[in-house]
Structure formats: C-alpha cells, structure tokens
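Below is one structure, written out as structure tokens; the observations come after it.
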Amino acid sequence: MRNFLVFSVIFIAYNSCEAANIQADNTFADPNIGEFRELLIDPKAGALFVGSEGAIFRLWAYNINDTGENVFAKKQLVLSESEESECRSTASDERLCRPSTRFLAFTNNLDSIYVCSSVGMRPEIRVLDSLSLRDQQEPRTEIGICVVDPTFNFTAVVVDSGNPEDATSVYSGIRTGMGGENHLIYRPPLTKNGKQLHASIRTIYSDNKWLNEPQFVGSFDVGQHVFFFFREIAHDNSFGERIVHSRVARVCKKDIGGRNVLRQVWTSFVKARLNCSVSANFPFYFDHIQSVKRVDKHGETYFYATFSTSETAFTSSAICMFQLSSINHLLDTGLLMEETANGQFSVTADEIPAHRPGTCSQNSHSISDTDLHFAKTHLLVSDSISGGTPILPLRDHVFTHIVVDQLPNQNVIFAFDSANRRVWKISHWKEGNEWKSNLIEEKSLKIAASRINDVALLPAEFFFVTSGAGVSQFSVARCSEQPSCALCSLDPYCSWNAVNSKCSLKTKTNEKSVGWISSSWAGRISPECSAVEKLTVKDVYLGDGLRLVGAKNGVWQKDGRSVESGQRHVVTRNGELVVLDAQLEDAGTYECLRDNIILVRARIVVHENCARPTSVAEYRSCQREWCKKADAYKAALNIWSDSNKKNVQCKANTSSAH
C-alpha cells in the first residue's frame, strides 16, 4: 500500500495526453522483404546496416532512400527448397524457417560485418565486407551465437582484442536447447588460422544460482572484461510470486576455465543487482531492465538503461545511469552472498579467499581448486549498484529502447516506447556533483506498423527505427516548430534567428554568427532571448478554440494571474494551453513561465461581433456565433410562446368563472 502511495505522488504530474505526430523524413522498404529488425551504424562512413527477413542492407544514413551504387548494397539470404521443406516438417511456425538476421556487429576495425542469421532454423555465421556486403568467408553453422526464435531475448558482442592469444571471439548471453531451456553466458572455442586454441567456456546452466531464467538486454567489451546486462528471477516471495531483479554480470576475457574444478566454466563470473528506484522510506523500484547503451565521455564510461515495473495495472518506466567505475568497485570489493537451505547470507570479508571471485588471472588453470569451489558458490555481491535519481519516471509506458547522443555539455537521451511508437527527447547534464535532466519534447512517430523493432542514431543528425513496414528516418530536432526564442534555445540542436524570429537547426556557421541565439548551457534558456522575444497577437471569435504552445513544466499566467486546468482551460502534459469555447473574459496577455523566465508571451483578442469574414475559418467562427444567437433567439421565442399560451389560458379561465 505504501509503495502505491509513493507511486501516486511521483507519477501524478505525468497524466496522459496525446503527443504530436511527426512524419519520417525518409523511409525505406522492400516489397520482397518481411520484418525489418536489427540496425547497426557507422557514423564516420555514414552507413546504416539493416538486418531483415530475407536480406541485409547497407543504406546511406543521410538519406536512406538513396539507392545509388556507391551508397547502397543488398545481400540476399537464401534458403534452398530442400532446406525449407526439411525445416517446415519440424518447425512449430513456418515463419521460423524464413532466412532472417538476428545479430549484426562490426569486426576488423569496421571493415567487416559479423552476421548471425537464422536460416532454416540453423544459426548461420557470415563475415561480410562492410562496403559491398560480399562474403569474406564461407558461411558456417555455429551454435550459441544467436537464437532461432525471434521472441527469445539474447545479446552478443564481438571482441577483437584481449582474448587469449588475441583471437577474435564472440561472447553471448543466450538460450540453447530444443525449447530454449538452457540459459548461459557463452564463448565458443577460440580459433586462429583454422586451429583451435582453447575450448568453449560458459556458465553452469543446470544451476540457477548462476542464471535464473535471464532476459538479456545488452553486452559490452570494456578493457579486460565483458559485461552483460539482464533481468532474472531473484526469488519467490511469501505469496508465491516470482520477484525479478535487474543485474550486471562480468567475466574476464583471459578466462579459460579451471583445470579440474569449473572446467570449461567461467572462473571469473560475478554479478550484482542494478538499483533503479525512487528514494523514499519505502523505495519504489523499477526492476525490469529493458535496454542499455554505453557512453564514453571525459575518461569515464556510463551505461544508460531503461527500466520498467512488472506488467501490472500500474506499469511505469524510468531511465537510470550507471558508472563503470562504480560497477567495478562493487564487484571488486563488495561482500559476497552465500546461498544455503535457510536462505542467502553475506560472508564476512575474512572468509573471502586471496583469489577473490571475479578477479582476472593471466592463467585461470593456475587457480587452486579451493578458490574455485568458493567462486562456484559465491556469485552474487550483496550490495546493489545505484543508478542515481531516475530520469523521467513515467506511468502507462514502457521504455523499450534507448539511444544517447553525446554533445559537448550534455547527453541527449532518446527513449522509445515500442508498442505506442512514441519517443521522448531528454537533456541530461552534470552541474557540480549533481546530475540534472530536462524533458525537451515528446512525439508520436508516424510509422505504418504496430511496433518498433530496433533503433539507431546518427549523432546530431537522425535517429532510425525499424518495423514490419521498413526503416524510418527522423531528424533529431524539429526546430521550425518552436514558437519562441526561449523554447528554441532549450533544444541543443536549434538556434534562433533574431532578425526573422524563426528557429532553425544549429550549424557550425550560425552557432557563432551575429543575429543567431542558442544556449551554451544545458537546460538553460539563453539570456539573449529576453531582448528579442516578441509579443504574439492572436485574434479569435466567440466560441472559437485556441491552442498556445508552451513548455513542459511551464506555468501559465493570464494578466499576471495563474491559469489552472478547468472546464474550458486545459494545460496538457507538454505544457500547451488549450482554451475551449472562447469568451470575452478570455481576452488578455498570456505568459508561459519556467523558473520565473518567460518562455512564451501572447496577447489574445476576443471579438464580440464578427467582422466581415476573409477566410473559411473566420466564416465558420461567425457561423458558430450566429448559430448561438439564433439558438438563443429560438429559446427566448419558445419561452415567450409558452408564456403567451399560459396567459391566454388564464384569461379564458377567468372569463368562464364570471
């Protein structure tokens, strides 16, 4: 009950309201292709790689419609008739037999694309030239890299350096077995020049203390480690409900397993809980990690992750950020949990052996059996890793995908709700020792499909989404829609032209030119806007509806007095003010303020009598006014008629009485 109260207080400000629809700048589709899925981008080359049912594409990231020879390539995925027939005889769903990509990654210094596809329910590995998409190696079947069933969550990362003998390898968090019943973190046998150097290595899938029905969302190669982000069943509560926690796990690249104990099993595996919660006496937890992106900035590595609550009537989402240094510190020094028949307990520091679980070794075969027995049963750190104050806690939505644009003084987060095809753009920056955020805008994406499959970002230019209908390309900013200098300067991609009073995309040229205004500080309005902000005059007629563009968390005033939502005045979630059925008392000067700074200023003039109409809108407004007057006249006439009838009846009754 207390958690519900916290939930109500925190999320009350985010009541739902329809966001504005935005059209894609460009779209790409192929009538011979089924579902469009994976995205991979090379910003320097301006290349967008797309995986789909039936093919792999290389598109020009600045215009995905351009199919010119120098910027476009297509690799068809083919299944022979005999392979298709054999697959259909065993598959539960014939769509599983269609050739379809599951995983795309760069390798060989971006010169090659590593592809794992499901072809006739077989995982097929290809290495393609990143320019022509021609095969650089013979395709091969390899288990444990990607899943056949697209409904299974998995993750994989190609690691080119730091492995034993510096052999390139893939690390995966995956489900194997006929029904996907085996959950494991896996590295296939290490080979070089066709020779096997080391056997495969994995977690123990038969022991759920290692992984308990995990749902993997991301994996990253960082230094001497590979990190895996996932959610898993932590325990069952007293009501028999399965409690889910989000985790980060870490393994060492040099790990080759133990000599006797933990043979071909990770000796360095260790994990901890990710804590994304609203602080309170009874914290409100977002326990289901949905997506994660890595950001390297100012010598530190950050992981931005989206989280949601369980799928209940009160589903909600938030974004949390985790620092690599904090993750490593906890995994390196935190107390470890031991699970017994009576529950889980933290072991004391002096019980932890000299070779601590999670420590990297140049030769894991040299670790003692005693230390490995301890590592085998002490996998979880007792404390959790804090994600700080949740960014944009929001109810009734699930943030399924995230991309992050790194700008000089801030990071811009794009969070997506796949099912509702909606995106939130958020500014996130550090001020002193405190991280702050500001919602810039929320938009609905107009795409011809029911959900988003994947997202990618071309920094400071476009974001891309895949769906069943194709690939859609959207600009990171809609500057021309900003009505004022203040709102324009809050968007880090925009700049205000003081001469033309228009908002345009910021460029290197206009950013420092005379007459152009943009904020140099994250989340702050440019002080120059106060000198150029103009009063907008809007003429309306009795009965009209009116919409004034405002800003998120803005406060509306009319002639210096606060405007509250009511029967005819509605302040939307995006900060817009909607006036319904305009009356004479609605005339005045309206201001939208935030932190006592005027963002929008407009004077509304309400005309009592219609002037001669000069447009269809004015004609309709006058028509409404005359209709109202006609209705009032009819009502008065009916009252007079009823009264007259009563008078006549009264006189007749009086005459008969005499």
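Glycine residues also receive a Cβ, built from the backbone N, Cα and C atoms like all the rest.
Note that the structure is a prediction, hence the values are computed from the model and not measured.
According to Swiss-Prot:
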DOMAIN    20-476  domain 'Sema'
CARBOHYD  N65  N-linked glycosylation site
DISULFID  C87-C97  disulfide bond
CARBOHYD  N153  N-linked glycosylation site
DISULFID  C252-C360  disulfide bond
CARBOHYD  N275  N-linked glycosylation site
DISULFID  C276-C320  disulfide bond
DISULFID  C479-C494  disulfide bond
DISULFID  C488-C503  disulfide bond
DOMAIN    556-592  domain 'Ig-like'
CARBOHYD  N653  N-linked glycosylation site
Model confidence over the domain 'Sema' (20-476) (mean pLDDT, whole number): 94
Nearest recorded site to C488 (disulfide bond) by CA-CA distance, among recorded positions N65, N153, N275, C494: C494
Site of maximum Cβ density within 10 Å, from disulfide-bonded residues C87, C97, C320, C488, C503: C488
Tally of residues which DSSP labels helix, strand or coil - the domain 'Ig-like' (556-592): 3 helix, 16 strand, 18 coil
Minimum Cα separation from N275 (N-linked glycosylation site), reported as the residue among disulfide-bonded residues C87, C97, C252, C320 that achieves it: C320
C87 (disulfide bond) versus disulfide-bonded residues C252, C276, C360 - nearest by Cα: C252
Whole-number Å value for how far C494 (disulfide bond) lies from C320 (disulfide bond) (Cα to Cα): 26
Alpha-carbon spacing, C97 (disulfide bond) to N153 (N-linked glycosylation site), which is rounded to whole Å: 19
For the disulfide-bonded residues C252, C276, C360, C494, the one whose C-beta sees the most other C-beta atoms within 10 angstroms: C276
